[in-house]
Structures are given as C-alpha cells and as structure tokens.
Amino acid sequence: MMAETLTPRQIVEKLDQFIVGQKEAKKAVAIALRNRYRRSLLDEKLRDEVMPKNILMIGPTGVGKTEIARRLAKLVGAPFIKVEATKFTEVGYVGRDVESMVRDLVETSVRLVKERKMNEVKDRAEQQANKRLVELLVPGKPKQTIKNPLELLFGGQGAQADNSYSHEDEQVEQKRRQVAWQLANGQLENEMVTIEIEEQTPLWFDFLQGAGIEQMGMNMQDALSSLMPKRRKKRRLKVSEARKVLINEEAQKLIDMDEVTQEAVRLAEQSGIIFIDEIDKIARSGAVSGSADVSREGVQRDILPIVEGSTVMTKYGPVKTDHILFIAAGAFHMAKPSDLIPELQGRFPIRVELAKLSVDDFVRILVEPNNALIKQYQALLATEGISLEFSDDAIRKIAEVAFEVNQTTDNIGARRLHTILEKLLEDLLFEAPDIGIDKVVITPQYVEQKLGSIVKNKDLSEFIL
C-alpha cells in the first residue's frame, strides 16, 4: 500500500512502532495526513479552498512531540524541517527572519527529490561509471595532436597516424574487455585508480550567509560560483570508492535539475511539514512584561502570515505556504496557549496535550519500539561477541530510576533513559573487548549497585544523571 493512502488507523499503527503512548497526538497527525490525501481527490476549485488544520502540541520535553512529526514525515516521504521559535527575530533585528523556515523546507524538498531521481537512474549511472573505470584502468594511447592546422587539409602526418594506431587500439580494447569482466566480478575492488573530481572550494562570501543576505531570496554563492571556472583536482582512490564518486557524477548528468526544482517546489507546497518547537517561549508570559514581550510578539506577528498562507521568494522561485502543515509545540510551563496572540491561536485549531511519562511508559519505551534503546545496546555489544540480556525486573528497575530522577530533578522525559543506560553499562562497554565472556545478564541487583547511590544523592544525580 502506498504511504499516501494509509488510513488514520494504519498511520497510528506505524507510529506505534517507534513511539510509546500519546494516542491523542498520533490521532491528530494521522487525521491531518489523511485529510491531505482526501484533498488531493477533490476537484481543483474546492481543493484550493481546503486548508490544512495546523496542530499545537502541548507537553513537557522528551514525551515524543518532535518524534511524532518526524516519523510522520518519514512515513510519507514528505519534506520536513524542525525550527525553534526562539531562533527567529522580528524583521529589522539581527537574527534569522521567519521566512528562512520556508527556504529551508524547499532546500530539504530539493534534496529529497534529487535523491529519488538519482536512485531512478542509478543503474544507468553505474554502467557509465564502470565504463569510465575501465578507461582509467586501461588508458588508450593519447591521440596525436596536430601542431599545424594545414596538415588536416593536405593529409600530412595526421592522416597517416590513423592506420598506425589500429593494432594498438585492438590490444587496448581486448585488455579493456578483460578488465570489464574482472570489474563485474568484483576482482579489482582494492586496485588504486586516479580520478578527477570537482574541487569544493569555500568562497569568500560564505560568511555573508545568515547575516541577512538570505533575505534577498537567492543564494549568492550559487550566483557567483556559476561565473567562476570549475576547478578539478586529482585524487587517488580504491576502485570501490572511485565507483561511488563516478556514479554520483554520472547520475548528476542524467537528471534534469529544472524538473527536480519544479517537482521539489510543488512537493514543499503540497506536502511540506514545518515543526515549530518552543513556541511557548515567544508567548507573552503573565508574570513578565516589558521590551522582551514586545520582541516576542513581533516574532509571532511575523510568523502569522507564513502560517496563514503567503508567498515566500526562494532561489528556486516563489513558494506558497497555504497548504504547508505547521505543527507547533511547547511545554507551556511559564505561559499558556492563550498567551499567544489571538490571531496565531486561531491558526492552530487542533490542540493536543501529551501526557507525562509513567514508569510503565518507560518500561515500554525500553523494549517495544523498533529502535528501542535496549535493542541498540544489545546490537552494539554483539559486535564484540557478547550477548547482553536484561531480566524483566531489571528493566522495571531502570524505568523506576528514570522516573524517580525525573521527579526529583528536571523532567526531561524519555531522554533520561539515554543517560541512565549509558551510566549503567559504562564499565561493560569499556571492558567488552577484553572481558573474555560471551553472555552478560543485567539483574535488579546490578542496577542497584551501579545507580543506587547516585539516585539517593540528589546533588550527585543532578550532575551525573
């Protein structure tokens, strides 16, 4: 089944493979994604009228807000970027302008489309790359250069040269056929070959990027570098590495960049997802007032037309933001969603609250997802020939430790598990190459021994866990 035609229930099931709990948030993004598919089936007049319902996620850090949006985008191959609201400044101040988020989205979209197009021509590119490798491994005799152009007219030495090469050419062709066969059978992968590649030289105006020049809606580096001659340098590589470089070069020749650009802009406009994190940090807090609040409100007012739907100039042309899906997120500890300016509140009609993680959630996070942390450590130690196992009681003990440290210090959600597991397995990871055993079982006693004293000492746990 194509990703675009997944039902909301199927989307939630896919997200469940990576994220534990948070059913309401998953349900909201699944409906938003399905609505995009429904909109694509409408006739053109009505299609333009149906706008995406942007989502505001409310919940503490580490509960899955970003991961839900990122996995959703990956699921359907949509261009996705995450930006932090605090990085933007009001127009006229030093810092990034809000339109840069749309430009970044288009860049991501171009990269996605280009990668897909290059994969489509990969077989042809590989054939061309192998031909070039054969020519590099068995170079032909250099063609004789004619110093005097009149020799071409009067059939001098230049005309005689063609016949003298025929026997040598035959030998070269025979040798190349043999080398091509060896290449196809992987017999020359470690042979060294010299290839010419384009040199990536940093230009003097790189520092201008990010200093306000991006507001011109064009990439100055591209404009100026196109006027300068391309420099090539020679590199000596193994055949296996040279093939990758040559495949990339040949694939670039086979794709039409104008077509890539048009498709990328269309993809960004119709399927793009922009995740705006820490939006609560630019809300007017009831406790604080002053110039900082004015600045935050200015950023909100700058974000408003982008979310409402406007046209942003990029180096790939104008991009309409009307149908881009915006997902904003924040913890809202110091502020409330109602502290955002009313116009911006109205542009995020769907609000979902993500729950804090319980001990049971931590247990599930450790073992259930496809990329669960315990599975990652087991795979890492398997490379050293060690089978790592956790008893059920040990997993629960780890979850309890994570929950307790979150309660007594800063609550960083599931990210706490990374710190705790790294501390728990620190000695084992250090000694693994020399330990000389093939199986390790983590028990509750081992967890207590490694982490117990740190957890009990609040000051120590603040620094270590």
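Our numbering is plain: 1 for the first residue shown, then up by one each step along the chain.
Just so it is clear, glycine is given a Cβ too, placed from its N, Cα and C backbone atoms.
According to Swiss-Prot, the ATP binding site annotation covers VAL20, GLY62, VAL63, GLY64, LYS65, THR66, GLU67, ASP277, GLU343, ARG415.
In this structure, GLU343 is the one among the binding-site residues GLU67, GLU343 with the smallest number of other Cβ atoms inside 10 Å of its Cβ. The ATP-binding residues named in the record, VAL20, GLY62, VAL63, GLY64, LYS65, THR66, GLU67, ASP277, GLU343, ARG415, extend over a maximum Cα to Cα distance of 34 Å. In sequence order, ALA25, MET57, GLY59, ASP277, ALA329, LEU354 constitute the residues six or more apart from LYS65 (ATP binding site) in its chain with CB-CB distances below 8 Å.
Same-chain residues at least 6 positions away in sequence with a Cβ under 8 Å from that of VAL20 (ATP binding site) are, in sequence order, GLY64, ASP361, ARG364, ILE365, GLU368, PRO369. Within the same chain, the residues at least 6 positions away from VAL63 (ATP binding site) whose Cβ sits under 8 Å from its Cβ are GLN22, LEU354, ALA355, LYS356, LEU357, GLY413, ALA414, listed in sequence order.
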